[in-house]
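Here the structure is laid out as structure tokens; the discussion comes afterwards.
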Amino acid sequence: RDKLAELHGNMFVEECVKCGKQYVRDAVVGSMGLKPTGRLCSVTKARGLRACRGKLRDTILDWEDSLPDRDLTLADEACRKADLSVTLGTSLQIKPSGNLPLITKKRGGKLVIVNLQATKHDRQADLRIHAYVDDVMTKLMKLLGLEVPEWTGPVVVESAEPARAEQLQGRLKEEKEEPLSHHNGTGTPCPGRGLKQECPSPATGPAPVKKMKVEPLLT
Ligand SMILES: [Zn+2]
């Protein structure tokens with residue numbers, strides 16, 4: 001949870017208005033706009049005497065709701081530390097989330113925008129790919145030698161694996177000669193169907209993928 005910033009909520013999560021405890025459910029929670037879901041918090045209070053019993057509400061923001069502080073701070077920190085921001089399937093028009101990837105840029109990192117239509121920050125991007133996110137990610141995962149896990153429902157993981165990033169970099173080094181070269185302005189046609197991309201200059205080649213900032217698709 002400390003590696004994921006969900007700025008606009010999550011359909012599968014409900015949280016206690018009293019103690020802030022979040023519950024990840026197997027099915028969608030069923031309401032929107034931070035409304036009560038009808039269930040109560042079951043956190044046991046100190047000494048195990050009785051449960052919190054605070055009202056649970058959904059986490060999906062409505063237009064006038066402000067973004068959750070904790071997640072916004074997390075996202076901000078991640079964008080500051082990242083060498084590379086990748087935005088997937090967003091027009092980047094809504095503030096403040098849409099401007100977060102620009103922080104990476106300002107701090108010397110690179111920005112990759114994947115979206116079918118033009119976005120607000122196209123001019124700031126080192127690489128723009130006008131294609132379906134599924135197509136791009138399928139190819140990227142293949143290139144990285146990673147399997148796309150089948151969706152079976154929300155899964156809560158206890159921790160992320162930091163060692164993974166180093167493994168990935170090793171693999172990227174081995175493979176960067178050929179498959180990634182079409183990102184490098186060398187004019188190699190992309191093997192995909194109708195995958196269009198623009199490279200502003202040959203100097204802005206692919207940065208090693210260390211950290212990705214993935215925006216939730218929920219609004
Ligand atoms: Zn509670």
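Keep in mind that glycine also has a Cβ here, set from the backbone N, Cα and C atoms.
For HIS8 (active site, proton acceptor), the Cβ neighbour count at a 10 Å cut-off comes to 19, with all displayed protein chains included. Among the features that TrEMBL reports, active site, proton acceptor is placed at HIS8.
In the three-state DSSP scheme, CYS19 (Zn(2+) binding site) is classed as coil. Counting every protein chain shown, 12 other Cβ atoms lie within 10 Å of the Cβ of CYS19 (Zn(2+) binding site). The feature Zn(2+) binding site is assigned by TrEMBL to CYS16, CYS19, CYS41, CYS52.
According to TrEMBL, the compositional bias 'Basic and acidic residues' annotation covers 171-181.
Per DSSP, the domain 'Deacetylase sirtuin-type' (1-147) is made up of 40 helix, 32 strand, 75 coil. Sequence annotations record features per position, and here TrEMBL assigns domain 'Deacetylase sirtuin-type' to 1-147.
What TrEMBL lists as region 'Disordered' is 166-219.
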Between CYS19 (Zn(2+) binding site) and HIS8 (active site, proton acceptor), the C-alpha gap once rounded to whole angstrom: 20
PLDDT averaged over the residues of the domain 'Deacetylase sirtuin-type' (1-147): 94
Chain-internal residues near CYS16 (Zn(2+) binding site), provided their CB is under 8 angstroms and they sit 6+ positions away: GLN22, CYS41, VAL43, CYS52, GLY54, LYS55, LEU56
